[in-house]
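Here's the structure, in structure tokens; my notes come after.
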């Protein structure tokens, strides 16, 4: 087994996979003031991800929750439905039963159809995060993207390749890693690791699978660009992606606070920023530099070039998919004057009469029938 792992490791780090012609890993040894990236340095992003989670926990508790209260977002107290093994077993198979199924379940439980519908409504609501929780998540991402984008501007504004992207290939691969580039990668990779670690507890939306693909593609891109010393390009990709996300998370925050006008303005700004950065700058600035320029620079394209660009093209495919979702929301905003994130489930209204509430708590325990069982509901 150890021999197989050794062979795979040697094959994966084969110089012809990553290095241009007449270049080897020996050339990436630090010398004469040049500091080169080392793939093993990226292991540090795992513990940094837990630091990121600690910062997130602190920010959500000490900043996001008070801000949510100040904006008038009420904490919703979810009422658990009365334990019912029959309905719970059915719920695991189907969250929204049909009328005929509700009728059958009502007979089994000796309840009215109305009461069964209410039970399922309460049970579904338990699965939906509260506005407070959604606000906390959006607030954390807003703070991160704002911090990351600001750091990116500070790190890149005076770099010549930020103004002339052809210079990302000048003297490649002999680019010394700057401290600012190292910490920019640590910041971004630890953030995406932390998002993967919290997938099970964060709010799930209809594009959940697309987000999972995005997180893995982002981490793969950063790993590949660091290992092959495409760091100049990697930092440009990161800063292009962070800008639009600032406005999206800000729009979400005000949407949860029911500040509709502010949310609408922020969403329009986000839409403009998204279309410019993801559908113009990314394909015609970044992809042009990664797909076309290397062919002019060298007559031999190494496998790392293809691996890097395939992941970039996956990201571009996700951009087109999300652009479709954004466009649909914009259409509703223009024609219906309503900005709503269709990716999230909405909480359903939950109301019982006093008699029904009492029965939910006590009535079925002793086998009594519902007081309105014989009424038409």
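Cβ coordinates come from backbone N, Cα and C, glycine included.
Unlike curated records, TrEMBL annotations are generated automatically.
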Of 46-68, 69-91, the range TrEMBL labels transmembrane segment: 46-68
Which range of 121-141, 142-162, 205-225 is transmembrane segment, per TrEMBL: 142-162
TrEMBL annotation of transmembrane segment - which of the ranges 20-41, 240-261, 306-327 it falls on: 306-327
Between the candidate ranges 263-286, 335-358, where does TrEMBL place the transmembrane segment annotation? 263-286
Tell me which range among 163-181, 182-200 TrEMBL lists as transmembrane segment. 182-200
Non-local residues, at least 6 beyond the ends, that sit with Cβ under 8 Å of the transmembrane segment (306-327): 207, 210, 213-214, 217-218, 220-221, 224-225, 228, 230, 237, 270-271, 274-275, 278-279, 282-283, 286-287, 290-291, 342-343
Before we move on, state whether the transmembrane segment (46-68) and the transmembrane segment (263-286) share at least 3 Cβ pairs under 8 Å, counting only pairs 6 or more apart in sequence. no
Sequence-distant contacts of the transmembrane segment (142-162), meaning Cβ under 8 Å and at least 6 residues beyond its ends, amount to 59, 63, 168, 170, 178, 180-181, 183-184, 187-188, 191, 232, 235-236, 238-239, 242-243, 245-246, 249-250, 253
Under DSSP, the DNA-binding region (89-125) has how many residues in helix, strand and coil? 29 helix, 0 strand, 8 coil
